[in-house]
Amino acid sequence: MAAIPYDGVEPFPGHPPTATTPVQRRIQVAVTALLVTAPLLGLVAAVWLLWGRGVGAVDLLLAGFFYFLTGFGVTVGFHRLLTHRSFTAKPALRAGLAVAGSMSFQGSVISWVATHRRHHAFTDRPGDPHSPYRYGTGPVGQLHGLVHAHFGWLFGDDPTDVDHFAPDLVAEPAMRRISGMFPVLCVASLALPALAGWAIGDFAWTAGVTALIWAGLARVFLLQHVTWSVNSLCHLMGTRPFATRRHDRATNLWPLALLSMGESWHNTHHSDPSCARHGVDRGQIDLSAGVIRLFERLGWATDVRWPDPRRLAEHRLSPAAAPAPASASASVLPSALPRTGPLAPRDRAR
Ligand SMILES: [Zn+2]
Ligand SMILES: [Zn+2]
């Protein structure tokens, strides 16, 4: 995909439609709508159930367990291991993380990795699959862009060429198999908590149903929106303590740090994509980095690319920004062009 000229302000030039037939296009949209709305309906049902009837501790414990299991599958597995190669994992761990991430209803592992590498290759300029700047930097364009970056892009017809962006995974039989199992893993992601809740609840069907709603649908819904918020909010608001490439407006957004398992230190990540730790400054919680550290201690992960103080210092925009308070260091307003600093030639998705 060749770079398209872009001034950092205007809407991105339109992409030619690539839908094969109208029927296929309708099916695409219907499946995406199902993946996006089913968990939302689950949350609505959850609130209805909670009203006057409550929800059990088992439901919430199962929800937490599956939230972090599938969440680390995405952050540690899909993102830091498979997209950016921040460390090397033993084959069983690599496959296990890919399976866990696939259970998050965010697409198959190969398409997730390809899309995310494309995001790094074209960040916030034409070619980026989910930039909030797609419709320009005016107030209306910015709102439109926020919806687009959050989940509107999922409904668009702008597929990412997996052979171009993820040839390594396409060539890996285990990843091809896990990608092909995506629909089954989605079903398992809902069935497992339901079965666990049913078994723990003395095989009462109501216990299975509440576990399905809380630890299944509502949990998927929450993780989806947290992940999507990294794509939308973490390119729109927050601080930018580190230099990124031209047009790249990725930000650090502390309120999402815990729920996103460290992924909302997104400016730091875009500044040094293959670093295994995104929350590099004191007090910046990064649970995913903690999990990678645990894997390293167990001998399951090697060659971990931990932060390099020299590299960090090179990319830090101002020493005063460490750690950046929320009010300092350029809150990125729609009309403000990013503080890009020096170009980093090695700043590629790897
Ligand atoms: Zn990003
Ligand atoms: Zn990334």
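From the backbone N, Cα and C atoms, a Cβ is placed for every residue, glycine too.
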_Of the residue ranges 106-140, 246-280, 281-315, 316-350, which one carries the region 'Disordered' annotation in TrEMBL?_
316-350
*In the same chain, who gets a Cβ under 8 Å from the transmembrane segment (203-222) while lying at least 6 residues past its ends?*
38-43, 45-46, 49, 55-56, 58-60, 62-63, 65-67, 70, 104-105, 189-190, 193-197, 259
_Cβ contacts under 8 Å made by the transmembrane segment (178-197) with residues that lie 6+ beyond its boundaries_ = 35, 58-59, 62-63, 66, 70, 95, 98-99, 102-105, 107-111, 169, 207-212, 214-217, 219-220
